[in-house]
């Protein structure tokens, strides 16, 4: 029983795939052959040898033999049919004995070939009984066997039976039915079937009637009253079409034939026509469409889970003018036709002439040919970010990618696979490993893979350390248009534009993107900081990363702000370096002109002065003391690599972790009365399967004082989540509902410094459905129940918005990062009614809520995938900006005494001891930090701070995080002028106004050089160590130490004296008294118990 069960499972899976894709109309494949042999085996195992019949069956049905055999058969069949028609015009000439003329010899040869092929197909038939009763077998017997018998038994060529068997060759026109399986379009295939059937019927009856009516003349040799084939054909056509014109048929057999013909026409033609009409009605125009490429206009193919919101976000980025003005097309292939609403919006959009929708299956090579995948620049595969089964979604995505790669590799052009790029989204990080193991490195070198889960969680975690990072990354990924003229004019006039100045600065920063440009080799041996400073001074652009390509390799090592490191030269004669820089610029054309302008060349005098300034600055103090770092610890900065591919891998060495693995007996279960959490912590509302991607950036080894993390979720940790969290300390888990206000009191929301709200799990939302009809009674939810419609997506955002409002109500000043699915729902996060007018006028991304980095939109990953098509290295660069270096553990140069931070004075100044060719592991790179603007730079232009940080601190500023008090009453005045009655009550009085002035926060990417700095500004900087972790700045004696020492005040989270619960009375019921789990390392258990005892004693004393 077990073997039969296995056999059925294997056979059904293989047969389902190939029957679905090829409808059993193609020649048998390897999988079908294996399946057949597996089914016929008695023990469920493949036989050691394959029988001769099966080998012949495999050979005949393979593409190498099936196509040539069908082609030869069709050509010979059409040839002898046409030859018979031609012979009717001179029958006596062609009526010769076997060896007296070439005509009978050719006919004998053709029928011999037909006989051999027929015997082979009869022998190798998979189902002999079905083949014997098939129409194909009947025609083969009718056209081959009589000819062979008569040609041998009747030597007289003018004998009636000799003429009759030759006339039967007209029926071999039906062999054209074999060509139908090579027609990809279903409608064209059925139409061709009707045409071939009608042609066979008309030609066959015409030949028969022409022979019957002329048999006496042919036998006697008198052709005076001979009727030609064309006259007979004309009679047949008129009889079928207009029910008779004249009747030249005199014989009884001819009249019977006409009656039979009319009966067949009356029965067959209507049925075939109705079938054709039904097929056309069932197939949409998109199922018949085929894309036709245009010279010099590239196109991409978009497949996968393409929703309406996702599509228009992707198209907006793909067709943006920042990527060039040349034309380009996008072909969308989906397995179903678009719904009417989606179809109407697509036809009425500005992309109507550039977007082509095709209904088809990405796993079917016929549909891939309809999209001209082999001529496309890229195939983009989008994933369903709300999928109820992420593993299944990733599996389907990988399957599509592999089918496309196999299709491209089957083309005659061997470089076709390298020409067409595969850009795909995967939901889970482990799916990347599965995909890479399925192919070789050569096939993967041009692929672009964006892991949504790891990128999203890492970005949300890093935004806890650098508030506003979400909008900074969004500005660098998404293309944006320039600010409206009304905003630009208002700022230039400087009249009552306080409410527009911040919007202008923010909007101006949105126009910048990341571009990869080549740096001339003449810049070798120059420090990266000096080149970045020159680029900024001359072009106002930011050079923040370096890529070194060795020889002709497609990609090189990406170094994020190597600081004072000089661009290395190769040591070997056969080694060449090509330098590329990653620059923040408005568009690609301007970025490419940076190093081509004559005004921007490295001048030796300027460079020398910069180098001397660096040397002079370095002599002030030792780096370790200068940056305030200890000397007793061995902290290799090169180990700050956060690897996400393997939970048990090298990434553990790059994070703050417990000294020993936390076991279950080390977990403390506390109740509300005796528990306390540290303040200044990070709260995450919700839980994901791969939670480590959120924790790792917050436990990176380069962080001086990692903040405690509190997880609020209504379900207990799974085994996989526990396996990931057991390596870290200061992790708290609170079981409670994020939709309950009391839960936020339990996580001490008033003392939290950052809150992250994740989208609820789709599985849980589906299980929580309570509407009638959503689930089948007595059964588990089906796949359709889990499919998220537009209303379902709104429901997910509704719960997220509710959590956001509760948190803001409990603690209005806490920084909150919210994950939303629909951008329109940002309107529900606005706390000032006047901001609705701003959103309505300038769209969602111009609101302070979005500009402050409080909203993460899931559509950002779609824009990133599109940008990766234009800039393949962008995901790698962004990953380094967010989580650190995206490399394996750096190699060591043999020294085991490297110090903290910048290491040695040579590393600080970029003193390049000989660097082995292609080995850049010793070059230090940077991480992203927040740096408060020093008081001495208050009122100074931004360019002065940029020059100081780049020249003397080897830091690269990327933008500002600003706080400003703005009045939005001007927007209300505009609305009252347009709609004077809208703001009036029934008594004629104005409605209650919200405060017109409001403190807002926003991000300015690459600010203008003359932008005036403020004391509350914070700079996004790329530095090789925490810039706030040093004792003093060389030329800034009045540095505000309160800002720099803020992390020191909270360095020991266990000495906090404030009770976790502000209200110790009986506020909560016993049902709400749920467990709080804290994960601690073994060597801290005794200390924690002592602190708890001290805290309980203090509480008792306070009560007394």
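For all residues, glycine too, the Cβ spot is worked out from N, Cα and C.
Listed as Cβ neighbours of the transmembrane segment (65-86) (distance under 8 Å, sequence separation of 6 or more from its ends, same chain) are residues 27, 59, 103, 106-107, 110, 113-114, 117, 166-167, 169-170, 172-173, 175-176, 178-179, 182, 203, 207, 229. What TrEMBL records for 65-86 (among others) is transmembrane segment.
According to TrEMBL, the feature domain 'Ion transport' maps to 76-267.
Long-range neighbours of the transmembrane segment (98-116) within the same chain, counting only residues 6 or more positions beyond its ends whose Cβ lies under 8 Å from a Cβ of the stretch, are 72-73, 76-77, 79-80, 83, 87, 140, 143-144, 147-148, 151, 155, 157, 166, 169, 172. Under the heading transmembrane segment, TrEMBL lists 98-116 (among others).
The transmembrane segment feature in TrEMBL is assigned to 128-149 (among others). For the transmembrane segment (128-149), the residues of the chain that approach it from at least six positions outside its boundaries are 107, 111, 114-115, 118, 121-122, 164-166, 168-169, 171-172, 174-175, 177, judged by C-beta separation under 8 angstroms.
Positions annotated as transmembrane segment by TrEMBL: 161-179 (among others).
Taken from TrEMBL, the feature transmembrane segment applies to 191-209 (among others). Sequence-distant neighbours of the transmembrane segment (191-209) (same chain, 6+ residues past either end, Cβ-Cβ under 8 Å): 81, 84-85, 88, 167, 170-171, 173-174, 176-177, 179-180, 183, 229, 232-233, 235-237, 240, 249, 254, 257-258, 261, 264-265, 268-269, 272-273, 276.
For 229-246 (among others), the entry in TrEMBL reads transmembrane segment.
Annotation source TrEMBL lists transmembrane segment at 258-277 (among others).
Look at TrEMBL and you will find 298-411 (among others) tagged as domain 'RCK N-terminal'. Break the domain 'RCK N-terminal' (298-411) down by DSSP state and the numbers are 52 helix, 22 strand, 40 coil.
Residue counts of the domain 'Calcium-activated potassium channel BK alpha subunit' (447-546) by helix, strand and coil are 60 helix, 17 strand, 23 coil (DSSP-based). Summarising the annotation, TrEMBL assigns domain 'Calcium-activated potassium channel BK alpha subunit' to 447-546.
Residues annotated as domain 'RCK N-terminal' in TrEMBL: 679-818 (among others).
Residues or ranges marked as region 'Disordered' in TrEMBL: 767-787 (among others).
Per TrEMBL, compositional bias 'Basic and acidic residues' is recorded for 767-779 (among others).
TrEMBL lists 971-997 (among others) with the feature region 'Disordered'.
The compositional bias 'Polar residues' annotation in TrEMBL covers 986-997.
Annotated region 'Disordered' per TrEMBL: 1034-1073 (among others), in sequence order.
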Tertiary contacts of the transmembrane segment (258-277) (same chain, 6+ residues out, Cβ under 8 Å): 187, 190-191, 193-194, 197-198, 201, 205, 209, 236, 239-240, 247, 249
